[in-house]
Amino acid sequence: MLQTPLVQSKEPSIYSLKFGLLCASSFLFSASFNMLIPELPAYLSSLGGAQYKGLIIALFTLTAGISRPFSGKLTDTIGRVPVMAVGSVVCFVCGFLYPILATVSGFLLLRLFHGFSTGFKPTATAAYIADVIPQHRWGEAMGIHGICFSTGMAIGPALGSFITGMYSINGLFYTSSVFALLSIAILFNLPETAKEKQRFHPSLLKLGWHEILEPRVMPAAIITLLGYVSYGAVLTLVPDWSDHLGIANKGSFFIVFTISSLLVRFVAGKVSDRHGRIAVLKVAILLLIASLVLIGWAQSVWMFMGGAFVYGLATGLFSPASSALTADLSLPEYRGRAMATMYIALELGIGLGALLAGWFYADHIGRVPLLFYGSAGITVLGILYLFFGYKPARQEVNAVA
């Protein structure tokens, strides 16, 4: 009897239209708020608020962190797409409000409001990715999405400095709004993936203590917090450190940082899928420590850019692995809350880093190297946790087996 040969079915590609649209929206969203970062310290100084530079990032991350539990619950109830849209709408509105609220107090108040953007969109985006991508390829998908988001981080600051130099700071604010509007337009073409979607009701904004954090993903949250303290310091100190080293375009650091991050993200996600999240995170944190020491030690443009390159490699490894670890440890019905927990830790790390850096810096350029070394010291706690404090969970082991 002839036997019919078995035909091995080819696994569907993760590069679907839905995933592509999601990545495009994230790129525009990222560029929208990142293009402001290198110009805001000088803008705040022009308003008479030089002593508040540390609050530029700290206030932004404060409301981002506060809003995470709400965005997590709403992501699990009203759906992923509406929550993503809220984040982009906030960026759109803020671009028009910056030129109007042209006082120190008005600016700082607006930074608080602007933080809601990253409190909403990334939470729902991460949940959407986990919905439409098979679990054994989450690391790869998180890495590819991170490439798109990081491209916005690279192009945004450089474009922001260019627009400000060619036109004005107000022109930069309006351009930020245009990018956010395009991000919103793309979202209208995305189908909803939440299985049990509800209509919004104000009662959904009431949170019980058990709805704020997802205990199952706390190991990933701890690693994320310790890994991102340095990023708050980088965002606060790099613009002035660039000036000190004679670099005209304050976005140059972020271009180099993001290019190297993009290069490694092409393989970082696949490596974490194959060899495990923790192995990749250990390498990433060691690179973070080395890069921070190099940035603080830099006395030339080449050393500074070398530090930016290594820092990009580190974050390119760290980000998709930490996101995938969070997804590994989460339950599908609480995925929004799980992602929100990770992002709360991320924003807390960035906010603390920015606040401490701004406080100790106080416009004394000679303190910058010590602050980068201090950031490296805090990051050392992350590697100690991975080696001595982290207990592998069954879900994470199975996800990458």
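Sequential numbering from 1, following the chain as shown.
Using the three backbone atoms N, Cα and C, a Cβ is placed for every residue, glycine included.
So that you can see what the record holds, here are the features copied from TrEMBL:
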| type | residues | note |
| --- | --- | --- |
| DOMAIN | 18-394 | domain 'Major facilitator superfamily (MFS) profile' |
| TRANSMEM | 19-38 | transmembrane segment |
| TRANSMEM | 50-71 | transmembrane segment |
| TRANSMEM | 83-110 | transmembrane segment |
| TRANSMEM | 171-190 | transmembrane segment |
| TRANSMEM | 217-239 | transmembrane segment |
| TRANSMEM | 251-268 | transmembrane segment |
| TRANSMEM | 280-302 | transmembrane segment |
| TRANSMEM | 308-331 | transmembrane segment |
| TRANSMEM | 343-362 | transmembrane segment |
| TRANSMEM | 368-388 | transmembrane segment |
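Note: the stretches the transmembrane segment (50-71) and the transmembrane segment (343-362) are in contact (3+ CB pairs below 8 A, sequence gap of 6 or more). With respect to Cβ pairs under 8 Å, the transmembrane segment (19-38) is most closely packed against 171-190, considering the stretches 83-110, 171-190, 251-268, 280-302. Contact count against the transmembrane segment (251-268) (Cβ pairs under 8 Å) is highest for 308-331, out of 83-110, 217-239, 308-331, 343-362, 368-388. Long-range contacts of the transmembrane segment (368-388) within its own chain (CB-CB distance under 8 A, at least 6 residues past either end) are made by residues 222-223, 226-227, 229-230, 233-234, 237, 240-241, 244, 278, 281-282, 285-286, 288-289, 292-293, 295-297, 353, 356-357, 360-361. Taking Cβ pairs closer than 8 Å, the transmembrane segment (308-331) reaches residues 126, 130, 135, 138-139, 142-143, 146, 150, 214, 216-217, 219-221, 223-224, 227, 231, 234, 253-254, 256-265, 268-269, 272-273, 277-278, 280-281, 283-285, 287-288, 290-292, 294-295, 338-339, 341-342, 393, 395-396, 399-400 in its own chain, all 6 or more past its ends.
If you look at the transmembrane segment (217-239), the same-chain residues 6 or more away from its ends with a CB under 8 A from one of its CBs are 37-38, 41-42, 53-54, 56-58, 61, 250, 253-254, 281, 284-285, 288, 292, 295, 311, 315, 318, 322, 325-326, 329-330, 338, 341-342, 344-346, 348-358, 361, 368, 371-372, 374-376, 378-379, 381-382, 385-386, 389-391, 393.
Mean per-residue pLDDT, taken over the domain 'Major facilitator superfamily (MFS) profile' (18-394), amounts to 88.
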